[in-house]
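Per TrEMBL, the features are:
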type	residues	note
DOMAIN	128-305	domain 'Lipid desaturase'
TRANSMEM	91-112	transmembrane segment
TRANSMEM	119-142	transmembrane segment
TRANSMEM	212-230	transmembrane segment
TRANSMEM	236-253	transmembrane segment
Ligand SMILES: [Zn+2]
Ligand SMILES: [Zn+2]
């Protein structure tokens, strides 16, 4: 077994995560106990996720072990399904979002009352936590229950989730528009409503809901930045030092932390804004309990579409 360079250098601090990882992955460890210098997480990441911190990592594995990357047949097909219409939707979403953010920011500044300034930090923290939870719920829903074959949302909004698991490095080759278009789009309806309120409500009504609007505005910023943070968590080369600093101090999603989501079968650590909620949600088995409930009432199998796309790799390995 090979260990990639980054995995060798780093050592993980928590052992609690091990209990939430899959039985399959754990079973794979049993014959490989010789790696006693490495944490359980390091070994799981190395054996069950793409060595994206090592550009030549795939060449270190036997050919039949190559399971991820741009050469994956499913990844190639999904990448080819990114259309001009989709890009136009992303461009319009980003433009609308930026215009609305500037418009609303003007009113937030205009109605700012220094006596309420102590609320800014709690509002920002609550905004980050809400964005992190929302990123986890959307990500979990798309990964676990979504399908590329679903009408409209499948090709347009779920396709990137499938591509991302079988080629995690693809996000690093996406430009700003492709990376962030969908997250910016999510914020547009509420920002539009906020703009309407700032424009038409009376001063008294605006002041009454001002603190809530500040929270929603900060939430919109963190939601719109989520996939950029996610992209940086996959970027192992050429990141500005201030981004690495923010990652190292877990202000934004750290690289090593997010690698745990990319351990097959991708059933943990779904939060991707800051990842602050991943550990507490794993502790209470939030995602697995939700999956038991959904499966009980719908009889749907979790990750069946994700698994089907992962299998397309066989066409590449053995042709
Ligand atoms: Zn995922
Ligand atoms: Zn990822």
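Using the three backbone atoms N, Cα and C, a Cβ is placed for every residue, glycine included.
Remember, TrEMBL labels are computer predictions, not curated facts.
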**Q.** Segment-level pLDDT (mean, integer) for the domain 'Lipid desaturase' (128-305)
**A.** 95
Q | Selection from 91-112, 212-230, 236-253, the stretch that has most Cβ pairs under 8 A to the transmembrane segment (119-142) | A | 212-230
